[in-house]
Amino acid sequence: MHLSSDEVILWQSGFLKLNLTIVTTWALMLLLAGGSALITRRLSTGITISRWQSMLEIIVTMAHRQISEVGLQKPEKYLPFIAALFLFIATANLCTVIPGYEPPTGSLSTTAALALSVFIAVPLFGIAESSLVGYLKTYAEPTPIMLPFNIVGELTRTMALAVRLFGNMMSGDMILVILLTISPLVFPVLMNILGLLTGMVQAYIFSILATVYIAAATRTR
């Protein structure tokens, strides 16, 4: 038994390694890219649209409203990034129904990469909204003495994003293994259902936290 898919090495040459996390991550990206191309290839801008497009527009509208309720004034600017985070995490967790599949979100390297993308995106959005000088001034608010504390806070919340997602996914897997040894017939079915629900919740929480951080960086001063 291994704790993370990082430990499953599929190919190695010197210091170069290809582990299961990398393979599943790229497979998910190809799945999402291919699915997006298939779903959007027949979208219409006319008055008459298909039921499928109508459902997609409802979902996008709901996401748009959710982002605006968090505090972002121009949700359409941030929707692609936030939606990409949610779709990747949600799809990674939903695919656990496939036998033998191990979600990359159970790897700290993947969750750290997702958190790093948020860490980079937040100042970029902030600078785009209020200029470089205006954004940097926020680190000295409300007084300059808060500068080191604000910098540390920026770093620690990024670490918290990565560890929170990794810990929640890892704990779910460990509980499933424990219950499987107790009752191999009943508990696995219930835990798989609960695991799917938990995976969706974790994707939602991660996306909402990213939205909150972006809203804080782009708020009007």
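Don't overthink the numbers, they just go from 1 along the chain as shown.
Cβ coordinates come from backbone N, Cα and C, glycine included.
What you see is a predicted model, and the numbers here were worked out from it, not measured in a lab.
Copied over from Swiss-Prot, here are the features:
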TRANSMEM  20-40  transmembrane segment
TRANSMEM  78-98  transmembrane segment
TRANSMEM  108-128  transmembrane segment
TRANSMEM  174-194  transmembrane segment
TRANSMEM  196-216  transmembrane segment
Practice task
Determine which residues of the chain contact the transmembrane segment (78-98) at the Cβ level, with the cut-off under 8 Å and only residues 6 or more beyond its ends counted.
Solution key: 24, 28-29, 31-32, 60, 63-64, 67, 72, 104-105, 114, 117-118, 121, 125, 165, 169, 192, 195-196, 198-200, 202-204, 206-207, 210-211, 214
Practice task
Using a Cβ cut-off of under 8 Å, list the residues of the same chain at least 6 residues beyond the transmembrane segment (196-216) that approach it.
Solution key: 66-67, 70-72, 78, 81-83, 85-86, 89-90, 92-94, 96-97, 103, 105, 114, 118, 121-122, 125-126, 157, 161, 164-165, 168-169, 172
